[in-house]
Amino acid sequence: MSVEQSSVHTSSSHFSHFWSSALRSKPLSPASETHVLTNSGEGLVRRLSLFDLILLGIGASIGAGIFVVTGTVAKDAGPGVTISFIIAGACCVLNALCYAELASRFPAVVGGAYLYTYSAFNELTAFLVFAQLMLDYHIGAASIARSLASYVVSLLELIPLFKDNIPNWFGHGHEVLGALSINILAPILLMLLTIVLCWGVGESSILNSLMTVTKVVIVLFVIIVGAFKVDVSNWTPFAPNGAKAILTGATVVFFAYVGFDAVANSAEESKRPQRDLPLGIIGSLLICVVLYIGVCLVITGMVPYQLLGEDAPLAEAFSSKGLKYVSVLISIGAVAGLTTTLLVGLYVQSRLYLGLGRDGLLNVHVLSHILSVGSLTGYSVVSACVVTLRWTDKAASQISTRWVSKRAEGIICLLTIACCGFAAGIFYRFGASFVFMILTTVIAICCAAALYLRQFYADPPGFSCPGVPILPTISIFLNIFLFAQLHYEAWVRFVVLSIITVGIYAFYGQYHADPDSANEEFLG
């Protein structure tokens, strides 16, 4: 064999190994066949009750943004920002139902969306989902830590001893050379919360519960006090800039709800996961929806939307009514909110890494400096997992047709629905004719109909997402529609990160992955 032929053979062998590794999946055991590792001392301790899970979801979702985002979006949407939050909340409820089914179906595995994707699709897709979600948490943790440091310093400055005596580089941030910013307190806070997490899930859950209850009480107090200062005439006109401003606002406030998926990542530490995980996911999300709507109604009723401030609209609204003490409470609520958001974010990171580490896919230090925006992508993949995992319960779903298998046909339909959602979002974003939006929507409906009529579905044990496959496909369409509204830089980061992730998988992950070993740990 010549050198050239040997080189071609080697390249072909490497590509074949990469492809076979990328397409392998990891079967997960249903709840009835699962044996938890607690008794052997190798698994995580089950200490989280339903109340803990609900507080975990609320703690992850509601940060300082409830005091800021509501007002900034109301500047454009007017009182109609309430509808923006309802639309975004409804979209998240669809995602939550999909998460709830999978959390109930596989209640004793840690890793959330990553492991769901590993089971429903393949190893490479799961690795891509992991990267997108994990790096969201990394960047989120950095930005939240900076905001938390700033709020802590603002509270300290209320004490006369510290007022005007704390340098900017300690907590507010001090710019150097116009590009770098020094903030000493932010990494200190990160380390302290990391120590709390290392101490144990029980102890970190106590801190999260305490801070979350404090935050919710303050939000309720703000809503009740503000309700007595509402002037209903400020709600007219309700949608001053039309329906487009409300829908655009929905794409912005969608991320205010992100965090309920943290509950799914606590599966291995829940006392009664099959019952409590679905209730924790949906319950925490619905509570967040109610709180956001209440704040929206209060802030737009207290002050005309045109007069709302940019940086601290809610605090300024109360100050304008002579209730400056409420501003102090809002700062305390912001500290509590940011603390829980950061704590839960660090918690989810550790559980995602644990799930990936059990499979041997990655040296985790590789990801530490990469940026990503992936929540909507992750939610869409989870919705698709609900559909495909229903197929695997029926052997009939694997029957081949003349051209393509039923499973491949179904996956093509799911991908087409996602593409239609993105196209509809692009047409809407750039003001194209509604004919194009209608056309893409009709194509998506046809694909959803094909999924409904040409596939076989079985009801899973435990909680069952209603309306499969229609509800998950609506969720996918809306998620990707919202993804299309993001700044183009988010798309660039998504593509670049995906390329980098494939490279990491090709050179490291495919050679170290063991999809069977981690699953065997859960089998009795």
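A Cβ is built for glycine as well, from the same backbone N, Cα and C atoms used for every other residue.
TrEMBL: automatically predicted annotations, no manual curation.
Features of the protein shown, as given by TrEMBL:
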type	residues	note
TRANSMEM	53-74	transmembrane segment
TRANSMEM	80-102	transmembrane segment
TRANSMEM	114-133	transmembrane segment
TRANSMEM	180-202	transmembrane segment
TRANSMEM	208-230	transmembrane segment
TRANSMEM	242-260	transmembrane segment
TRANSMEM	280-305	transmembrane segment
TRANSMEM	368-389	transmembrane segment
TRANSMEM	410-428	transmembrane segment
TRANSMEM	434-453	transmembrane segment
TRANSMEM	465-484	transmembrane segment
TRANSMEM	490-508	transmembrane segment
Contact check, the transmembrane segment (280-305) vs the transmembrane segment (410-428), 3+ Cβ pairs under 8 Å, seq sep 6+: no
In the same chain, who gets a Cβ under 8 Å from the transmembrane segment (80-102) while lying at least 6 residues past its ends? 70, 73-74, 116, 238-240, 245-247, 249-254, 256-258, 260-261, 263-264, 277-278, 281-282, 285-286, 288-289, 292-293, 296-297, 300, 305, 379, 382-383, 385-386, 389, 460, 462-466, 471-472, 474-475, 478-479, 482
Criterion met for the transmembrane segment (465-484) and the transmembrane segment (410-428) (at least three Cβ pairs under 8 Å): yes
Report yes or no: does the transmembrane segment (53-74) come within contact of the transmembrane segment (410-428), defined as 3 or more CB pairs under 8 Å with a sequence separation of 6 or more? no
